[in-house]
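K.L.:
Please find one structure pasted underneath; my questions will follow.
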Amino acid sequence: MLKVIQSPAKYLQGPDASTLFGQYAKNLADSFFVIADDFVMKLAGEKVLNGLHSHDISCHAERFNGECSHIEINRLIAILKQHGCRGVVGIGGGKTLDTAKAIGYYQKLPVVVIPTIASTDAPTSALSVIYTEAGEFEEYLIYPKNPDMVVMDTAIIAKAPVRLLVAGMGDALSTWFEAKACYDARATSMAGGQSTVAALSLARLCYDTLLAEGEKARFAAQAGVVTDALERIVEANTYLSGIGFESSGLAGAHAIHNGFTILEECHHLYHGEKVAFGTLAQLVLQNSPMEEIETVLNFCQKVGLPVTLAEMGVKDDIDGKIMAVAKATCAEGETIHNMPFSVTPESVHAAILTADLLGQQWLAR
């Protein structure tokens, strides 16, 4: 099987990147259709529009109604056609960015995504999650290429709620461990082949960056300021983790995350918070050295990620609920089957309960 790595054509990061990106956007199109919800348009819209206008790029801004659905995508495409725009810019969170990607795909136009948070590694990916108008999952749209440009304005991201940056660290925490599992299993990644050494190296750099810079970056985010540590964590959460997961693969941690989504008491958690606990469970499942498990426990505690079921909200009927989670984790087609050994609901159940006890013991020290 071929080894494959993929990534956005261009990645920009730094304070005021959402204004400075125009000098690169002019190489993609001479007019852009810009979408954002009302809150984000007030927060960052002026910077983005000024960044385009300063390079003689025309644009039309349109309100995103909040759901990445086929109805909303088609509504926005109709408006885009009226204005004849030749590129798409999405500003905001995951659903806005996914909608921008979809519009660009269907209209065969270049896409620029400008996240206002660093809570997941999704912005760099060639993927959108499509929902119904009622907000229920409908399908994944897999694209033939990644966004043409990803723009991370760290001055904006530093002002976002700290918990979102920490959740991004939780998502990124899994990248190295899942990438290594997929590499060892010679699993097929979302890029359509086996992992390259380059993708695996980025995944490892992601983990090393989290350990070195994560706690410092959390303090910077609490102060609402940009520091070198925050810059490095934004890059780890977004670019390093994004290339690492897409071009190396997902395994135990994300499958366990998906299993936890069946529990109503976990619905308040962000994606990365569930993934962080899933990472601990994967480490138990693959019988990682105790030193490695304790390193991850220490990191999670210092930045504020959950390490016990109680912190996840699971406090009663634990055995039965975790067996249900384990069965969902092992469903056909789940990424748990990318682990380099056979996995059963029983082994996942055991790993989750053991991870919980390890977390309890760590917090009680």
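Our numbering is plain: 1 for the first residue shown, then up by one each step along the chain.
Using N, Cα and C of the backbone, Cβ positions are placed for all residues, glycine too.
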K.L.:
Based on Swiss-Prot, name the residue from D30, D37, D38 that is recorded for the same NAD(+) site as G94, K95, T116, S119, S125, L127, Y131.
P.N.:
D37
K.L.:
In Swiss-Prot, D171, H271 are given as binding Mn(2+), so which of H254, H337 is in that site too?
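P.N.:
So, going by the record in Swiss-Prot, that would be H254.
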K.L.:
Taking the Cβ of S119 (NAD(+) binding site) as the reference point, list residues of the same chain whose Cβ is under 8 angstroms away and which are at least six residues distant in sequence.
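P.N.:
When sequence neighbours closer than 6 are ignored, S119 (NAD(+) binding site) has G93, L164, L165, A167, G168, D171, N237, Y270, H271, G272 within Cβ distance under 8 Å.
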K.L.:
Between K95, H254, H271, which of the binding-site residues has its C-beta surrounded by the fewest other C-beta atoms within 10 Å?
P.N.:
H271
K.L.:
Counting Cβ atoms within 10 Å of each candidate's own Cβ, which of the binding-site residues T116, S125 comes out highest?
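P.N.:
Result of the Cβ crowding comparison: S125.
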K.L.:
How big is the Cα-to-Cα gap, in Å, between G94 (NAD(+) binding site) and D121 (glycerol binding site)?
P.N.:
10
K.L.:
Tell me which of the binding-site residues D37, T116, L127 ends up closest to H254 (glycerol binding site) in space, Cα to Cα.
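P.N.:
Looking at Cα distances from H254 (glycerol binding site), the smallest one goes to L127.
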